[in-house]
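Asker: The structure that follows is given in the form of structure tokens.
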């Protein structure tokens, strides 16, 4: 064989083998059509915080090139450097009416849309892809920093600014946070970050964690990272066991069924160590918008207040990704309806389709109606060939259309695609008007309640429906008219719209103010005051004078009626009414509070007075008389909380002290009567008066001693007032553009609730002052803040009471304030902070704010767009934090004064019991008509009830607060001393045993030490009973098991013919506490121990556990320090500890599985085979 022939044959063989391989590869080469087919690329928002999210939206169509099988559109972003973007892994199908024509794949490094062969059947293709990405600013700096990341698709690009906040100097002790990793969108990561500053703690640390719906705990992912004096890392199945061994006394309890984790760390190990417990939850509901995790903490940092069950909840929003495509298929009519000016799609436009010749269109219908969807698209498929007419028959207001215009088109059997058309509508210049509603009050009440108006419209059938997007208007006291602006005058048919209002509550629910009736008539609402609820006080005069034996009984007596201690009426009572009296038509309430009525009697000569309720008994005691004193408080119902719980008064005889004193308090209705007084001295009539012994700070005292039957001691206190002044500053180059308004409205908020508004003008040099404001509310200082109603073209900045308005045409600002309606956090349920988000025209902006005490629960967003698509933007807020037990109401009426109110009704309880008599059915007739039962809250007397046979000797204290500052109140009962009876108290059952000559005494211990905050309270104390000031040797131990109370029984009632007075003294000296003993009533002796917390000594560092082989500390050099709440930093997979002994089973398995490398490898072997064949043939040829 010729050598050249051999070479030629080998070449041909090689060419035949290789050529098909390369041709096959070229047949499936995909095109990147990003530059030709992408029409727009945007991000929203355009500025985010480090670790925050933004939404990328890319739109495309086929106007610049037909889209084919295998074509791709790519979106790229920076994946390294100081600023980078990470996508969240998602795959979203692209469908047309249920048929998939491609898919969008989002990865951490980019997004790609790939089309399949089904897209080639479509024409007029347009679509979009929308997905979230995370932005990171990795600049190594402690100062604030902005970095710009550019996202591209073909020749389109958009920028997002990633802001890194200034590093803080302090941290919170505990917070709960979470996130979703870009590469793992099927799980949520959660972090419990405990003792972040490695502080010394005074108590054990307890954390409770409850995973909410839509997710399930994956225990295999749990790991614990400890830094500090006992640094270590625990992960895997044995993480909890290893941790508990290393930290004796610690406990981590996991309940997979309930989705809960409970953590306890002893005080010793909790000090100087920081703990981060990290785990993942598997998402079980992919459609859920957000995932919530609730957590509570109990701890106490050294020198700080104890935290008991404070909530630390966190929400992670699900990752959103969406994509869509539109096109026409054969036999399909598709209409796109859009705004002529803005090109925005118009929904709810109705069209009528018919054949030109009037024949059936399809399905035996000669006319078919189609309506546009939210994307402005209306379509119908499978139309037979023929000539058609499309007519628009209805469009939403304010769009106009020509009812007579026809849109003809033709469908042919030879067509490969359907018919697509775009129809544009212009907005009509709509007639608008302002609608005003009026409030009419009929009645005498000076202070009117706050009510709300909701606007409705009425059709021809008298059906009423709420006006869409009309604000609920608030009418505070003094406001009688409200207006809605720019409302349409006519409906879509040109008929005038009839507007009317209804009276509602803040939530928009129908309501009527308490104490009023209402009448709604169009745009006028009239509230008529109901007749004032009245009561009557009746009683009788009883004479104990042997039927006026000595003829001393007067013809009449004067009975005085006192309302809350102040004399308001007097009646002369005579025998004509059988000595009975009645005060009628008395107001039952004063400013919503029930009036306490009592009676007294002007002094009756030769008689001693005894008052029992409204029964006044006069006993003929020649030579004796009585005197009655009443305390009257004039302090605006104790507004500032300065009123004492009791005061002491002394009786004077002709100006000289008698030594006879009395304690006046709520339990005796602030009144007392002295009996058995000498009527004369040295032949002269004695005048009895009173003086107040208790000096009440801040009060002035006036004593009315005119009538010793009605001595009145008035204590007057003028509540403290304050004023709030400030100024309006204009930053607008001295009103250069003439946009400054003539006035602005400044709102005053008291504890977050708007109470007053002032119009501020240039006449006062733009300064303002709210005067005569109450400084306190129920004893607690009021926190005043100011806001401002929105000022067009200006951005507002509030610093204290200085309000600066900067002229920023096209920009505006929004201010939010949190208002708590929870009785000053009585139950301790209020969180330390809440998170709110700003909305623009009903859509979330991603702009959030944390509201807490440090910023007075208020925040202002500045630099906001004033308009969007030529329309004024309305900014509102929504609360992101779900506060358990609270209802939320958001007042979005004015974006300069957005108010989020959280209302919580404190829990109440009741204490009921009964009085049992052990006296042989009152054999000796000594049983009193009534007894006084005292209610003690945590050892302190708070209420007293008179118990009688009318209630079968049963009693009940209702509507009692269940908690005080978040701690459950311990209620107990005692009883005022009952003569000739011994008292035994078992829970709330009070038994009185008739023991003539014997009595009893009850002592209760009251602790005033902030619920034993510093742990100094002893477990028990010892008290001793005293008889007339002398120790009896009778002692008692008081502790928790006996509710810190004890009763001595079988005590002598008299000694040497005189009534014995029993008192107590405390034998136990409690270090750091001061002791006060209230010995006023031996049925209710109270020993109070008060403790003022002191700063503890320098703590001793705990020793490290003496484990011989502690776990090896992993290398965390690459670990990112936890960021503050709501900014969880990404922890790379490489940061997790690895077992270096594990090797891959097969190194080849680690190689990328690409078709090109397989082909190259195969070609290499073909070459070797051919070369071998060539050498064999050549050898034979040569031989």
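Every residue gets a Cβ built from N, Cα and C, even glycine.
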Asker: Of 1121-1125, 1151-1155, 1156-1160, which range does Swiss-Prot call motif 'LPXTG sorting signal'?
Answerer: 1151-1155
Asker: Residue 879 (site 'Autocatalyzes isopeptide 818-902 formation') to residue 975 (site 'Autocatalyzes isopeptide 915-992 formation'): how many Å between their Cα atoms?
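Answerer: Cα-Cα, rounded: 49 Å.
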Asker: I'm trying to understand the geometry here, so how far is the Cα atom of residue 601 (site 'Autocatalyzes isopeptide 541-618 formation') from the Cα atom of residue 975 (site 'Autocatalyzes isopeptide 915-992 formation'), in Å to the nearest whole number?
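Answerer: The Cα atom of residue 601 (site 'Autocatalyzes isopeptide 541-618 formation') is 28 Å away from the Cα atom of residue 975 (site 'Autocatalyzes isopeptide 915-992 formation').
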Asker: Excluding near sequence neighbours, so keeping only residues 6 or more apart in the same chain, what lies with its CB under 8 A of residue 975 (site 'Autocatalyzes isopeptide 915-992 formation')?
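Answerer: Listed in sequence order: 931, 932, 933, 934, 983, 985, 990, 992, 1002, 1083, 1084.
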Asker: Let me know the most crowded of the recorded sites, choosing from 601, 879 and counting other Cβ atoms within 10 Å.
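Answerer: That would be 601, with the highest Cβ count within 10 Å.
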Asker: What average pLDDT does the predicted model assign to the region '3 X 187 AA approximate tandem repeats' (533-1093)?
Answerer: 87
